[in-house]
Amino acid sequence: MTHPLLDIAPSVAAALAEGRPVVALESTIITHGMPWPQNLDMARTVEATVRDGGAEPATIAVMGGKIRIGLEDDALQALAKTPPEQVMKLSRADLAVCLANGRTGATTVAATMICADLAGIRVFATGGIGGVHRGAETSLDISADLQELARTPVTVVAAGAKAILDLPKTLEVLETLGVPVIAYGQDAFPAFWSRDSGLSAPLQMNSAAEIAKSARLRASLGLPGGQLVANPIPVDAEIAAAEINPIIEQALKEAMSAGIAAKAVTPFLLSRIFELTDGRSLDSNIKLVLNNARLGADIAKEMAGR
Ligand code: PSU
């Protein structure tokens, strides 16, 4: 029995029923993470990449009082075109409110994990998770994504945490919460637009099979929560830390003087960095998401035993 609030697309329902691999995809990256029309192009290409990788994509969003698991192209297009101010950015706190008032909502990493879990999807690919914001010692701005990784059993493939964050504190909080942070194929924790944050990742794995196995063993030990797989951006798409860091600093300063806070911080920073890099940061962002979709499909296939 699927949950009555879920509206599962036929292609996803069939894959789940047959035990075929499925990869969840989020929608905040579409509505609040990238500008129109590149956002639609990215959403379609990510889905195609998951399919080419041998898994079924399931983009998740809230529409018309239902949690949609898998969006047909018309819904994807409508969502991508809607101005971000008209779409709720959903985390654990707002998911039920959005369903109750019938509004359209885009799921962040946290909300996508909750919905994927309800649908029985164990793998989710995105760009970068939210984390501890710089200045958190006074603002206390810590993304609900971190708590979610500690409680919901979904393996999240991301290019690390976004470099706009305080990465050492983000890793500390993940450690406190008992979340396995697994760098893929290298020792360094990747920093979204660059491959190396200068920090060591707590754990390293080099194959999708190992990652699928550790998810299974975690469940069999009765440990709640998921895993964060930190997959470095491909070399040819990377913006070196020395180049992107001053741009991040500038965007952060502007956010501070404009009084940007709470849910508006990440979208503001991403779009300012896009402007300040003449679009290069967006190109990199799209390439790292595609790279994560490929690894997500491989992990989903291993989990499905294919
Ligand atoms: N990955 C991207 N771009 C994004 C996001 C992820 O490449 O915009 C979104 C995810 O939905 C993530 C959110 O949950 O950014 C983090 O927002 P915050 O820092 O407000 O928690």
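Each residue, glycine too, has its Cβ placed from N, Cα and C.
Any TrEMBL annotation is an automated prediction that lacks curation.
In three-state terms derived from DSSP, Glu26 (active site, proton donor) belongs to neither a helical nor a strand segment and is classed as coil. For Glu26, the entry in TrEMBL reads active site, proton donor.
As annotated by TrEMBL, substrate binding site applies to Lys89, Val109, Ser143, Ala144, Asp145. Of all Cβ atoms in the protein chains displayed, 26 besides its own lie within 10 Å of the Cβ of Ser143 (substrate binding site). Under DSSP, Ser143 (substrate binding site) is assigned to coil, being neither helix nor strand in the three-state scheme.
Counting every protein chain shown, 19 other Cβ atoms lie within 10 Å of the Cβ of Asp141 (Mn(2+) binding site). According to TrEMBL, the feature Mn(2+) binding site maps to Asp141.
According to TrEMBL, the feature active site, nucleophile maps to Lys162. Secondary structure at Lys162 (active site, nucleophile), taken from DSSP and collapsed to helix, strand or coil, is coil. A C-beta separation below 8 Å, combined with a sequence spacing of at least six in one chain, links Lys162 (active site, nucleophile) to Gly127, Gly128, Ile129, Gly130, Gly131, Phe192, Thr266, Leu269, Leu270.
Comparing the recorded positions Glu26, Asp145 on other C-beta atoms within 10 angstroms of each C-beta gives the minimum for Asp145. Checked against ligand 1, the recorded positions Lys89, Val109, Ser143, Lys162 give Val109, Ser143 in sequence order as having a Cβ less than 6 Å away from one of its atoms. Residues Lys89, Val109, Ser143, Ala144, Asp145, recorded as binding substrate, reach a greatest CA to CA spacing of 13 Å.
The record gives Lys89, Val109, Ser143, Ala144, Asp145 for substrate. Within 8 Å of the mean position of their Cβ atoms, the other Cβ atoms in that chain belong to Ser91, Thr108, Ala110, Ala111, Ile129, Gly130, Glu148.
Taking all protein chains in view, 16 other C-beta atoms sit within 10 angstroms of the C-beta of Ala144 (substrate binding site). Here the CA atom of Glu26 (active site, proton donor) lies 15 Å from the CA atom of Ala144 (substrate binding site). In this structure, Lys89 is the one among the binding-site residues Lys89, Val109 with the smallest number of other Cβ atoms inside 10 Å of its Cβ.
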